[in-house]
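Below: one structure, written as structure tokens.
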Amino acid sequence: MAMMMRKAAAVPASSRRSVAVNSVSGKRTVSGKAGAPVPEDVLAYAKTLPGVTAPFDNVFDPAGFLATASVKDVRRWRESEITHGRVAMLAALGFIVGEQLQDFPLFFNFDGRVSGPAIYHFQQIGQGFWEPLLIAIGVAESYRVAVGWATPTGTGFNSLKDDYEPGDLGFDPLGLKPTDPEELKTLQTKELNNGRLAMIAIAAFVAQELVEQTEIFEHLVLRFEKEVILELEDVERDLGLPLTPLPDNLKAI
């Protein structure tokens, strides 16, 4: 026994490999740094997360971020994805609703100066709207940090708590959260996919309004009108009838 202890003491500390149990994945990993999982463990953990959806039945990682990531990185990225998805869903809905209700004085538009595409509403809305909004955002973000972040300040300030499920802030006023794990994972996947679609949608909304200078529904109606006229032209051409001219406002769409 004494001989074994002397041999162990003779091994340099720098060459010892530590065995750490990952608190998130529950797997035992061996690495040169305590708690650092090998890439296989990171990939295996990522495959267990909600959001793995057809046609990408495996983890969708074309840029290879997982190759150099840790489980902590993956958890932090998932938290960011959920947060950005939720904001994008609100933004996409806000674009459409804001453009339809901009004529209602109740919505901080007492003088009717808020009009046109939603990309210009930011500059048109008065200061009385932004101060309460910034306070509300600050309160919401402070609550999210308090619930989920392990170290709000200092090194690794945005690391998540080991027992925190990314995106789960305990906000469920309607009691919609399933108690069955599989049902919960399915619902989480739906939220992620809707958030991903919303992030693409809000980017498309902004690009479309910058190029076309028209509101979302207005563009949709004009596009439909143009398609009808073009189809009518084909019929008229086949029948030898005079062609219906395309209005100037539809030519650029």
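Each residue, glycine too, has its Cβ placed from N, Cα and C.
Annotation source Swiss-Prot lists chlorophyll a 2 binding site at His84, citing similarity to another entry. Among the features that Swiss-Prot reports, transmembrane segment is placed at 87-107, 131-151, 197-217, with the record citing sequence analysis. Swiss-Prot lists Glu141 with the feature chlorophyll b 3 binding site. For Arg144, the entry in Swiss-Prot reads chlorophyll b 4 binding site. Marked as chlorophyll a 5 binding site by Swiss-Prot: Lys190, Gln208. Residues or ranges marked as chlorophyll a 4 binding site in Swiss-Prot (evidence: similarity to another entry): Asn194.
Feature map: annotations from Swiss-Prot on the structure.
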residue: His84; record: chlorophyll a 2 binding site; DSSP (3 states): helix
residue: Glu141; record: chlorophyll b 3 binding site; DSSP (3 states): helix
residue: Lys190; record: chlorophyll a 5 binding site; DSSP (3 states): helix
residue: Gln208; record: chlorophyll a 5 binding site; DSSP (3 states): helix
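For Lys190 (chlorophyll a 5 binding site), other Cβ atoms within 10 Å of its Cβ number 13.
All protein chains shown were included, and the count of other CB atoms within 10 Å of the CB of Arg144 (chlorophyll b 4 binding site) stands at 15. Comparing C-alpha positions, Glu141 (chlorophyll b 3 binding site) sits nearest to His84 among the binding-site residues His84, Lys190, Asn194, Gln208. The residue listed as 'chlorophyll a 2 binding site' and the residue listed as 'chlorophyll a 4 binding site' are 11 Å apart (CA-CA, integer value). When the Cα atoms are compared, Gln208 (chlorophyll a 5 binding site) and Arg144 (chlorophyll b 4 binding site) turn out to be 33 Å apart.
A gap of 13 Å separates the Cα atoms of His84 (chlorophyll a 2 binding site) and Arg144 (chlorophyll b 4 binding site).
Here Arg144 (chlorophyll b 4 binding site) is positioned 21 angstrom away from Lys190 (chlorophyll a 5 binding site), judged by their C-alpha atoms.
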